[in-house]
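Shown next, in structure tokens, is the structure this report addresses.
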Amino acid sequence: MACVSGRPSLSQDVDRALFAESAGTCLLCNTTLFPSDPARKRSISIAERAHIVAYSDDGPRANADLSQEFRDDPANIVLLCPNCHTKIDKAPESYPVESLLKAKKDRQRAIAYIGGTPTFANRRAAQKAARRLLLRNMTSFKTKGPNPETGAIYSREQAAIWSDCVLNEIVPTNRLLVALVEVNEDLATAGEMETAELLRQHTNALESKHRGETLLGPAPRFPKRAEALFSEANK
């Protein structure tokens, strides 16, 4: 994974840690960082290292008071696909330091939550991990979300709490769930791969809505089939 000219290279150990932390997917959109290249008959890496606080004093999310040592620390670096890397640097106001740091920490916690690895030997182990992620989001929805029957939110304070929960809890966990299916594609059925794609579309729309971005058409709803990922009934 190449660095921009003039920037120091990270050690192989640091790179490995970043890739393990990423679960092989972009932190923001959850696109695989290792797509297949039919022409070469192998996977290729499209991962880009992105600085949270800018490497330079005049870059996006710059902070001249921070040392160069901190800016080059792995804690200040995330792995993104090229599109998301461009997006966060073109619109830094929509992706502030606090938001990116939170997303990075949420991904780290989520990876640890399912046992430290996104790859499983069998469907039963994958289902157990998926259930834990689903339970996490279900609990967040019940405690912080709108009325489950009417969808109503009764105060501005509740709306703010729910929006923060969506961006910092629901969305990252959904994306890890999608990553879990994609990384374990050999265990998943065709229907489960389709469900993962529907969940990705729902998650992207949900994030856009809570960031105040305009949606084109109705927002995709949460696919109920996601609640049965890797279950015996799906085999």
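Glycine too: its Cβ is placed from the backbone N, Cα and C atoms.
Sequence annotations record features per position, and here TrEMBL assigns domain 'HNH nuclease' to 38-90. Note: the domain 'HNH nuclease' (38-90) comprises 16 helix, 10 strand, 27 coil (DSSP; helix = H, G, I, strand = E, B).
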Mean per-residue pLDDT computed across the domain 'HNH nuclease' (38-90): 89
